[in-house]
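Colleague: According to TrEMBL, the feature UTP binding site maps to LYS101, GLN164, GLY196, ASP227, LYS370. Residues annotated as substrate binding site in TrEMBL: HIS197.
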Amino acid sequence: TLTYRLENSCKQDSCLPRVHQDPESLKDFSGFKNLFHRFLQVKGPSVEWAKINRPPEDSIQPYEKIKAKGLPNNITETLNKLVVVKLNGGLGTSMGCKGPKSLISVRNENTFLDLTVQQIEHLNKTYNADVPLVLMNSFNTDEDTKKILQKYSHHRVKIHTFNQSRYPRINKESLLPIATNMGMTGENAEAWYPPGHGDIYASFHNSGLLDNLLAEGREYMFVSNIDNLGATVDLFILHHLICQPADKRCEFIMEVTDKTRADVKGGTLIQYEDHLRLLEIAQVPKAHVDEFKSVTKFKIFNTNNLWISLSAIKRLQERNSMDLEIIVNPKTLDGGLNVIQLETAVGAAIKSFNNAMGVNVPRSRFLPVKTSSDLLLVMSNLYSLDAGSLTMSKKREFLTTPHVKLGSSFTKVQDFLTRFENIPDMLELDHLTVSGDVTFGKNVSLKGTVIIIANHGDRIDIPAGAMLENKIVSGNLRILDH
């Protein structure tokens, strides 16, 4: 059993949970204890608004400038210094799916994980390289992911996994862990959480995998969210990293892209006390939130596509000198109990690395699938699929993606799929809003701005072959088999 005892001189502001358990749990609790201790020490906001400056011009390079340097002379040799890491800790619950989000089908029956494997296998075959794929799982996704990995055993890509830490949720009032033992079931089912993707540095290092990959001659990892279908290996950025002299080596690149109205909550890069630093909306004082969301002051946001030096991670971990800002994430459990989760973000480490920089990349490198609205876009003829990579169709005249807003009837993937006999032609679509009980027949075409609103109790069936261009559809339209 898990036995917590509090420090003898326990004052309310310095209660530290302790644990006596197996080595893996002890590592987790050592990490949690440090995080919890820092949480208790921190008073007030983690940034002083007056000290925030725009990053210097040369600290965020345009992608075109990086691309102008060309490709490496020996692409195979360069690729063999790379590791691709995908953040695979999330569940598909927000899209109404059970199990890991990476196992949701997104295109032609291919899951996020299938597309990732296809991309890397294509790289390895094209350049006769050996780029491994590393998945950072959580205790929520590890078992299901490992079962599915067997199907890739004959693919030309080595796949490694390691697990994020497992930390205890804390009662918001008492600041004590709500777990009664190390179990994950029964009353403890909601007692644990994976502490955000900033945990990658410690858990990667603790797993032993970091040392193994360094021993193989790997130098950089490209890390991204597995649900960002735009996050493919970019040979120009990799070349920029590898070709620099050792003493000027850039240890960290964050891919950023221009902010639009849809991205106002995304983290941005700032200059703070002579360091490039990631500023997340959770760190912004309430009085400045509107300023943070402004597209004029903070023009770019973090895509969470990151290129990081493996030897630098090892150095910083061994010195224990990576000081990541704590994100306090409040949650209400099913029974109504208010808890907090202490989390960190992988991009927040940018301030700890030498010669860190941002690269302003095309929007196409940020194609996340967070909702069924995103899913509709990537399943449509707006994109073509080639070797696991999605690219905007050449038939689309504008490079921007349409703005799609599907109502709550479409939230769950299963419901979403039953409402489309097939995915409409969206090549000329600018904006689509759908609300209420709406279904789409076969071969529907949507152009310009289309708004379809079925009021409560009504239903709208868009007939097969319909072409809607700059139309508002409302009321009741039933099409029944005779």
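For all residues, glycine too, the Cβ spot is worked out from N, Cα and C.
Note that TrEMBL annotation is computational and uncurated.
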Colleague: Rounded to a whole angstrom, what is the C-alpha distance between ASP227 (UTP binding site) and HIS197 (substrate binding site)?
Modeller: 14
Colleague: HIS197 (substrate binding site) to GLN164 (UTP binding site): how many Å between their Cα atoms?
Modeller: 8
Colleague: Taking the residues LYS101, GLN164, GLY196, ASP227, LYS370, which the record names as binding UTP, find the longest CA to CA distance and state it in Å to the nearest whole number.
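Modeller: Greatest Cα-Cα span of the listed binding residues: 21 Å.
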Colleague: Given the binding-site residues HIS197, LYS370, and counting only Cβ atoms in the protein chains shown, which has the most within 10 Å of its Cβ?
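Modeller: The residue with the densest Cβ neighbourhood is HIS197.
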Colleague: Note down the number of other Cβ atoms within 10 Å of the Cβ of GLY196 (UTP binding site), including every protein chain shown.
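Modeller: There are 23 of them.
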Colleague: Taking the Cβ of GLN164 (UTP binding site) as the reference point, list residues of the same chain whose Cβ is under 8 angstroms away and which are at least six residues distant in sequence.
Modeller: GLY89, MET136, ASN137, SER138, PHE139, PRO194, PRO195, HIS197, ASP199, ILE200, SER203
